[in-house]
Amino acid sequence: MSNELKVPTMAELFAEGKQPEVLFWVGCAGSFDDRAKKITKAFVKILNKANVSFAVLGTEESCTGDPAKRAGNEFLFQMQAVTNIEVMNAYEVKKVVTACPHCFNTIKNEYPGLGGNYEVVHHTQFLKDLLSEGRITMEGGQYKGKRITFHDPCYLGRANGVYEAPRDLIRKLDAELVEMKNCKKKGLCCGAGGAQMFKEPENGNKDVNVERTEQALGTKPEIIAAGCPFCNTMMTDGVKSKEKEGEVEVLDIAELIANAEDL
Amino acid sequence: MDYLPNIIFLLVLVAGIGFFAKNVKALSRNIKLGKDVDVSDNKPQRWKNMARIALGQTKMVVRPVAGILHIVVYVGFIIINIEVLEIILDGLLGTHRIFAPLGVVYDVLIGSFEILAFLVIVSVVIFWVRRNVIKIQRFLKPEMKGWPKKDGNLILYIEFVLMTLFLTMNAADFQLQTIDALHYVKAGSFPVSQFIAPIFSGMSEASLIVVERSAWWLHIIGILLFLNYLYYSKHLHILLAFPNTYYGKVKPKGQLDNLEAVTAEVKMMMDPDVDPFAAPAEGADEAAEPDKFGASDVTDLNWVQLLNSYTCTECGRCTSECPANQTGKLLSPRKIMMDTRDRLQEVGNNIDKNKGEFVADGKQLLGDYITEEELWACTSCNACTEACPVSIDPLSIIMDMRRYLVMEQSAAPSDLNNMMGNIENNGAPWPFNQMDRLNWKNES
């Protein structure tokens, strides 16, 4: 595998007088979390392969403010939002793609009220569009016939009604898509949303991610597919707690596609 | 003397409806204790939601057993109102079966009322078994002890009695019609009550009239009492489900509102041209500045949230879908709604007792009803709002109360304070340097 990722920043392109087709919003998890960085790179590899003109903000990107807002800190959220909007508006950003449903939801739904109006898509929607435009081609590869179950991220699914794009991509891998007891509108949270990722859970019988992992394992999958870096962490932890890490892999849709194409 | 029954009927009717009107006024006053909120947007979508969700019961059938039984009772309720209209006209005018001249149509109407009444009885019995015999989890949660449980059963008993009275009345009428009793016109068809009628065979005409009149009076008085019971009961949803689905959230579920007062302040902080020491423009800021951020009591919530609380039917579909509740945590979205309604009722009663003024009672929604532990257990996943059959949004109340805890009291769990500190200092919820954001590009 080559390490040479082409990742232009908005600042570089701007200096050259260029405007990319789309801004790739990496997000904090995608930038700093070791597991999520792999998702980021997988997505970039696909973008590179498809010759998509994109750019990232790099050091000019900051937290969207989602966890602060959901924790109740509206001040901090709006400070973050207004700062990010100023940066994006300065670069005349039109379209944003992100692999994080929390960034997706916030930029899509909460930034317009503060002056940030962009077309925002989740990376699974973007990949599906690339596919239907013929800009990428996909074959099953190593996932042909494998049992894959998809965990709906709340902030992609229920929050914004995106259920089919990730599923269509899994089907394109010629994989066997198996649904959990709770899926789509009735999906069960991974336990990380609403700023829960950053605190200990309240007392209860078990952790939400364990409950959700049990549902996923109930489908006897070879792979649990996710579309959110936080879901990915929670499900990976769940699989570990069930000592199934040797049998079941947790992978992002972008990773599935990148792996299938040997990128 | 001939007009005595008519006069008594009129008095009963006026008293029943009058008392109901008084309660509706109290209800509307309480709901208006909430903050104003603009819900004038998306009118076509709102009408569509009301038609689909409240009238069409689309969300009820997500759980087919309860859903279909509910539709039977709901249709029975709506259709039987036509019968109630006849009863009221008969009562006022001293007539009997005033719609009888409709002929075959009338036969079909009465026949279908009877079948529906019978189906309602069957549904009510199954509902009762579900609540009291089969141990369905969502009816056994801690918030369902005491009045909420009793209320649920009382509604079933009342419906059972009302339907039985209706069928008894028809059965006696059927007998009276067969013996050609004066005043009892031959009208209607009795597919169900004809099987009850044999109980009365052999009774004298006078006794039959007593049975028929008693059932008639008890039926209409029962309906009026039931109407007035609504205000004290979760059964209020039969009225409020309609406005509630109309005013329900039409934005994407993931979208939380941006607090405008905060926006004003943030804009000022970010604007280099603002003179921080300038005196505020005359009266300008006072209107924009709220007395507090977020909500600690019901009067800090908006009126749609308060309407939500009165509309809650305590069915518990929200709680049974809630991931926090499913994993044994204290949070129950249903309890959030019930607490909000109970506190609002308490505030309303306080105002009534004190001649229209609220006198501080040392209590509030936060702490006395809803604990911080419940609020912090929410993952904001929207399972509760998706599950609610009448578009209630418990999440918005949870978020408003978190805002109060964080912005007014700085009372977030310490882990969250760390997270927020990191965002403030490094632009990420973790303690990483913003300058390292692109390091992943060169890492293998």
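Cβ atoms here come from the backbone N, Cα and C positions, even for glycine.
Curation does not apply to TrEMBL; its annotations are automatic.
The domain '4Fe-4S ferredoxin-type' annotation in TrEMBL covers B:303-333 (among others). Over the domain '4Fe-4S ferredoxin-type' (B:303-333), the average per-residue pLDDT in this prediction is 97.
Annotated domain '4Fe-4S ferredoxin-type' per TrEMBL: B:367-400 (among others), in sequence order. Secondary structure of the domain '4Fe-4S ferredoxin-type' (B:367-400), assigned with DSSP and counted as helix (H, G, I), strand (E, B) and coil, comes to 19 helix, 1 strand, 14 coil.
Annotated transmembrane segment per TrEMBL: B:6-24 (among others), in sequence order.
Among the features that TrEMBL reports, transmembrane segment is placed at B:68-89 (among others).
Residues annotated as transmembrane segment in TrEMBL: B:109-129 (among others). Tertiary neighbourhood of the transmembrane segment (B:109-129): same-chain residues 69-70, 72-73, 75-77, 79-80, 82-83, 99, 102, 153, 156, 159-160, 163-164, 166-167, 170, 187-193, selected by CB-CB distance under 8 Å and a gap of 6+ residues from either end.
Under the heading transmembrane segment, TrEMBL lists B:154-172 (among others). Cβ atoms under 8 Å from those of the transmembrane segment (B:154-172) belong to residues 73, 76, 80, 83, 110, 113-114, 117-118, 120-121, 124-125, 127-128, 131, 188, 190, 192-194, 196-197, 199-200, 208-209, 211-212, 215-216, 218-219, 222-223, 226, 229, 233-235 of the same chain, restricted to positions at least 6 beyond its ends.
Per TrEMBL, transmembrane segment is recorded for B:214-232 (among others). Residues 9, 12-13, 15-17, 19-20, 23-24, 26-27, 84, 87-88, 91, 151, 154, 158, 161-162, 165-166, 168-169, 172, 238-239 of the same chain, all 6+ positions outside the transmembrane segment (B:214-232), place their C-beta atoms under 8 angstroms from a C-beta of that stretch.
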Other parts of the chain folded back onto the transmembrane segment (B:6-24), taken as Cβ under 8 Å at six or more residues beyond its ends = 88, 91-94, 220-221, 224-225, 227-228, 230-231
